[in-house]
Amino acid sequence: MTAISSAPFSADEIAGEGIKPEEYDAIVERLGRHPNKAELGMFGVMWSEHCCYKNSRPLLSQFPTEGLRILVGPGENAGVVDLGDGLHLAFKVESHNHPSAVEPFQGAATGVGGILRDIFTMGARPIAILNSLRFGDLEQPRTRRLFHGVVSGISHYGNCVGVPTVGGEVAFDPAYNGNPLVNAMALGLMETDEIVKAGASGIGNPVLYVGSTTGRDGMGGASFASAELSDESLDDRPAVQVGDPFLEKSLIEACLEAFKTGAVVAAQDMGAAGLTCSTAEMAAKGGVGVELDLDLIPVRESGMVPYEYLLSESQERMLFVAAAGREQELIDIFHRWGLQAVVAGKIIAEPIVRIFWQGAIAAEIPATALSDNTPIYHRQLPDEPPAYAQQAWQWTIDQLPAATEVGCGDRSWNDLLLTLLDSPTIASKRWVYRQYDHQVQNNTVVLPGAADAAVVRLRPQMGAAALKTSNKGVAATTDCNARYCYLQPYEGAKAAVAEAARNLSCVGAEPLAVTDNLNFGSPEKPIGYWQLAEACRGLSEACREFSTPVTGGNVSLYNETLDSDGKPQPIYPTPVVGMVGLVPNLDRVCGQGFQSVGDRLYLLGLPTQAADDRLSLGGSEYLAIAHQTVAGLPPRIDFDLERRVQAVCRLGIHQGWIRSAHDSAEGGLAVAIAESAIAGSLGARVNLGELVGHRPDWLLFAEGGARILVSVDPAHVAVWEAELQAQIPAAWQAIGTVTEADAGLAIAAGNQPLVQLSVDQLQQTWGGAIERRLAKD
């Protein structure tokens, strides 16, 4: 007989907490008894995928996590890297996918609030926010509603809390029609002498609850985020938290002030699983126990019971361990900032989380049973790739309509390029970032959309570093081509890391470290687990190749919705890579727009006449948008070529030879050239070489090849070409010249013109694509 057969709960009640029958048996074994309702809820949230990574932890263990600049790796609230000169950067990415599908404004807003708390809990002042967003078909009214809500939520919270939203990415694909992805990344500059850790210590030390009050909002949010979305869960608004950015601003200042007193032993924000997670993780990491009295917790609603206290995910709350005798000093700081602060418990030697309510024990669980000793599933990989992938890999370029110098099928190359520029994934995101205050704090060096990565000035406000003059900056980006990952997760994940490093290199930054957000479907299905495992393998390999260790991140699984026939439809596997890099000299930062008439254009990476699997139309934006086909093999990543191309690009920027740099990504080389022309309001005359042996669409729209488009001051051409010949002798090509805007964009293949468009045509198509679709409401 299993324990569940004699449980004081029905099978439906247990399943309602996200607990499987075999997991309930394990709970009884760990406790030596049946849990009560509050304890069942605590196990439900702490054993959810969102909190314990029970399906992904074995895969995450292969990631590289150590490096010369890594100060804090996985396991804390955020990673921390050493930037030199006493500057330390905290950074992390988190998801808020399910809440944003249900209530897009609050779901996205509280996602921003949560990631900011991860940063300042370490003792860092938040200096920048990025986001990686995925939505469905923008022609659909529901997608437009979600898009409006998510962007409004991000802008509301970030603008009000006073942290600039400086960059990120937005993509659209029908694969996300039912399940948008909202990943938020934040950066912070350390203000404290010591990094604040989460592990509790000091028997008898008081435990402080600080911040906002506790209510019933966000009940069971962690479990909600660890299950597929259904018609019922899409109406589950109580599982979505409600944030207050003005209160969070006060919390930032109060926490940083408190940390500087030296009276804080440990700190943990209350994010997923609220009080349950913060008490269990602090106790387990410190090898101690915690006693907490719920009657002392400040509340905003009456009649709450232990289950509700412990599972509430009310926002803007923190748990501190204070040095004994200094608790009042900390309480006074928080009261001065208009925040709640009470002693709600203490640290005990017995490694147990013990919860009191109305004078009795409401819950008593070994801390490690909630945090460390959780279920882990070692799932079996299929013997061969799934049928859908094998079938997609059979596609070849010969299956496309015939192409000539005029066009493909009945469409001209002009028309096809404009079609790609009109794709919301490629088009201008001005509608998005104009809603963000991207210059608050006055440290934003590059405006959103002007370069391949965000760049922020490092200007400490406190401590010895604030007295030094520094011209350093930090660059950050988020990247993933989910279509690649759907077709071939291993190569797609490698491509995400490579593109992130390439984007940083295009602004002159040295890639340093990675935070990842793994957005996938159900790992319990063979296809879902294969996608997850292959992507993790690719990420691990690529991070080692680029010497960019993983400092932490987030796993968001069960991103699936039921279609009209009741069949689950997973998203594309989307392993988002957040990467940070060091800009050694802010006077030498590069944008993507052409700068001066007469500048020479160079293609770094595989030249236009290359023909191997490092370039491909498989999985390309051209194939998906122009031919409504998702098939083929994405381009293979050549790590050695990537490293050499990126290094010479950074060198050219640091030397002042390169005036603009832009990587060739979605849409291929033609789109990259058009985007640089648009950004600089200048034209270009480009020749891609003879058509012999190549289709024109291969020359124009093939993706991959470690490619970067750069423009160079003519005065530096000789020294630049000498450096190229020394560093990447077979991987560069002079392809043209920057021209007056009136000359437009002219792309030829040998003597054969392919594209001739005015800069105004490019700007109008690219610049208004999203607004034209939103105007349909």
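Placement of Cβ uses the backbone N, Cα and C atoms for every residue, glycine included.
Annotated active site per Swiss-Prot: HIS50, in sequence order, evidence recorded as sequence analysis.
Neighbour count (other Cβ atoms within 10 Å of the Cβ, all protein chains): 18 for TYR53 (ATP binding site). TYR53 (ATP binding site) carries neither a helix nor a strand DSSP state and counts as coil. Per Swiss-Prot, ATP binding site is recorded for TYR53, LYS92, ASP516, GLY553.
In the three-state DSSP reading, GLU94 (Mg(2+) 1 binding site) counts as strand. Counted within 10 Å of its Cβ, the other Cβ atoms near GLU94 (Mg(2+) 1 binding site) come to 26, all protein chains included. The Mg(2+) 1 binding site annotation in Swiss-Prot covers GLU94, ASN554 and is backed by sequence analysis.
Within 10 Å of the C-beta atom of HIS96 (active site, proton acceptor) sit 32 other C-beta atoms, taking all shown protein chains into account. Taken from Swiss-Prot, the feature substrate binding site applies to SER95, HIS96, ASN97, HIS98, ARG117, GLN241, GLU313, SER314, GLN315, SER556, supported by sequence analysis.
According to Swiss-Prot, the feature active site, proton acceptor maps to HIS96.
Taken from Swiss-Prot, the feature Mg(2+) 2 binding site applies to ASP118, ASP269. Sequence-distant contacts of ASP118 (Mg(2+) 2 binding site), defined as residues of its own chain at least six apart whose C-beta falls under 8 angstroms from its C-beta, comprise ASN77, ALA78, LYS92, GLU94, ALA186, ASP269, GLY271.
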Rounded Cα separation (Å) that holds between ASP516 (ATP binding site) and GLU313 (substrate binding site): 23
Candidates TYR53, GLY553, ASN554 (binding-site residues) with Cα within 10 Å of SER95 (substrate binding site): GLY553, ASN554
Those recorded positions, out of HIS96, ARG117, GLN315, ASN554, that come within 10 angstroms of TYR53 (ATP binding site) at the Cα: ASN554
Among ASP269, GLU313, ASP516, which are binding-site residues, the residue with the most C-beta atoms within 10 angstroms of its C-beta: GLU313
Site extent for substrate (largest Cα pair distance over SER95, HIS96, ASN97, HIS98, ARG117, GLN241, GLU313, SER314, GLN315, SER556, Å): 20
Spatial neighbour of HIS50 (active site) that is closest, considering only the binding-site residues GLU313, GLN315, GLY553, ASN554 and their CA atoms: ASN554
ASN97 (substrate binding site), number of other Cβ atoms within 10 Å: 26
